[in-house]
Amino acid sequence: MINISFPDGSVRQFENDITAYEVANAISMSLAKAAMVAEINGELKDLSTVIENDCKLRILTAKDSECLEIIRHDAAHIIAEAAKELFPDIQVTIGPAIENGFFYDFAKDKPFTPDDVAMIEARMHEIVKRNEQITRELWNRDKAIEFFKSIGEHYKAEIIASIPAGEQITLYRQGNFIDLCRGPHAPSTGFVKHFKLMKVAGAYWRGDSRNEMLQRIYGTAWATKEQLDNYLLMLEEAEKRDHRKLGKELDLFHFQEEAQGMVFWHDKGWSIYNTIEQYIRKKIRKNGYTEVKTPVLVDKSLWEASGHWEKFRDDMFALDTDDKTLALKPMNCPCHVQIFKQGIKSYRDLPLRMSEFGLCHRNEASGALHGLMRVRSLVQDDAHIFCTEEQITDETVSFCKLLTEVYKDFGFTNISVKFSDRPEVRAGSNGTWDKAENALKEAVEKAGFTYTLNPGEGAFYGPKLEFVLTDAIGRQWQCGTLQMDFVLPERLDASYIAASGEKKRPVMLHRAILGSLERFIGILIEEYAGCFPLWLAPIQVAIATITSDLNDYALEVQKALIDNGVRTDINISPDKINYKIREFYNQKIPMIAVIGKQEQENKQVTIRRLRTTEQEVLSLEQLITLIKEENEKYL
């Protein structure tokens, strides 16, 4: 007798071995028809899986979030089948589910054209209509290698050859197509109804630039038409907000081939950058941080001692000089430990909060670079808190409060937290990890956050919190982090004198709020769609004259504004006023001060605000006071 327990607490008994599908059918025919996969003792399995022993069982349908990845994985198999039917000479390689969709890499002599992609998408819909049964097959490894070689699929044969000898191979068959896969999959292709192919890109075989270039087709797939439509609308809006496009239109920054992954900041973009730095500097000073500056180029011996050389060597820029190897720092933490070690530290000196706008360099692959979001040269709003174990909770709560204030000032109120606990490969004892994880959990709960668990995703030296923002169009951005570190102080021999008189290692909290300033500015450009709030806008007020005989007064207004720290632009050309206003609106300047004869006579300006048709007449003093008060809230 087999006892099967269900999520509602009920238990059913079955006399003989039974498949998950048969269990679903025993509950109701409608459930069996909608069922996609089964969760057996916490693991996702095909519905054809035979249940031989007592277990816990969930039958999952498209309404369950876990099935979205199944739908996308099925879609990857369907695109491969469609492409093979239309282009029999191509080879299929790999095709996983990814965030928001799927992709498949193909080896094809000629590039896929837009017409080819449209044909593949149409054939995918045909395969879905066929509702082909998807079946799991176990194969002998050597037999599988020979089979794929015999049908000209040499990439698949190579993948299987890398699997240890003697292991069974899992293949999935649908119609005349068969693919290597661990699964699970839905019972048939008919479950994948709502998808769209998005683009074609190049991808190296096995992600290695020394290998041949393949063609990758990306797609998106969703459980419902409404979800698909909403996603496509979001992409359309995201395209309008693309920071690379707006960065060019608003004259903020540019990139060029001679300095890949390095930002050329223009005057307006650099204004935003400096304003953010000024804002953060004010915040951290109020919260008891000191600010330091450490070298950019450091001997590799420090990176070897810290463990970064072994772990991140391939991502570091290094050069040999005077029989030494120097490396551009990829992060600031080892340098901050060097400052901590200067002079004897007492428990009375802790917590010590050390911040730096640290210039770091990371050797990102050229294909991974993406505007401001992924660069090789970056500045982090980095800080390290050296504290005792007893201070961990209070310091974490204090950091969470500061982070919440900062995000709110930039307009982000929807913040979620991911808690990443111990990875399989880690430094430190289980007891140390228990203590660290419990302290972080207590602190994040005390700070008023709920969190989702990211099992095994902590750093090798300690658990971490990741703070995720949701933007105006529903996208999520991981920005802030707090990582606990018991290892680096040990490796770099940092210590303090405890109240007992003995030497102890401080705990090191690595923390950032914005992450890299470059990436955060990219996020802000897209969040605001280029319409920055008054305090942050590179040009706060633009002055436009109706006629040229008002130019002297306009210049007087500009000087008064500049003298009071207001960022301004002016157009006193003979162009028509409507043209001037339109040009300033296109530059998304928050306030336009229009000057006519009446304004000159009364020492006033007429203010037009971005995104509104309302006008407001202010004296010059009122305008200056209004902007200064807004600036002082943040700066």
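Yeah, the Cβs are placed from backbone N, Cα and C, and that goes for glycine too.
The following features are taken from Swiss-Prot:
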BINDING   Cys333, His384, His510  Zn(2+) binding site
DOMAIN    1-61  domain 'TGS'
REGION    242-533  region 'Catalytic'
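Annotated features, which come from Swiss-Prot, shown on the structure.
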| residue | record | DSSP (3 states) |
| --- | --- | --- |
| Cys333 | Zn(2+) binding site | helix |
| His384 | Zn(2+) binding site | strand |
| His510 | Zn(2+) binding site | strand |
* Asked: When a 10 Å sphere is centred on the Cβ of His384 (Zn(2+) binding site), how many other Cβ atoms does it contain?
  -> 27
* **Neighbouring C-beta atoms (10 Å sphere around the C-beta of Cys333 (Zn(2+) binding site))** => 22
* Predicted model, mean pLDDT over the region 'Catalytic' (242-533) -> 94
* Other CB atoms within 10 A, centred on His510 (Zn(2+) binding site) -> 22
* Structure fact -> DSSP tally for the domain 'TGS' (1-61), helix/strand/coil in that order, comes to 14 helix, 28 strand, 19 coil
* Structure fact -> Same-chain, non-site residues whose Cβ lies within 8 A of the Cys333, His384, His510 Cβ center for Zn(2+) are Met331, Asn332, His336, Asp382, Ala383, Gln483, Asp485, Leu488, Met508, Leu509, Arg511
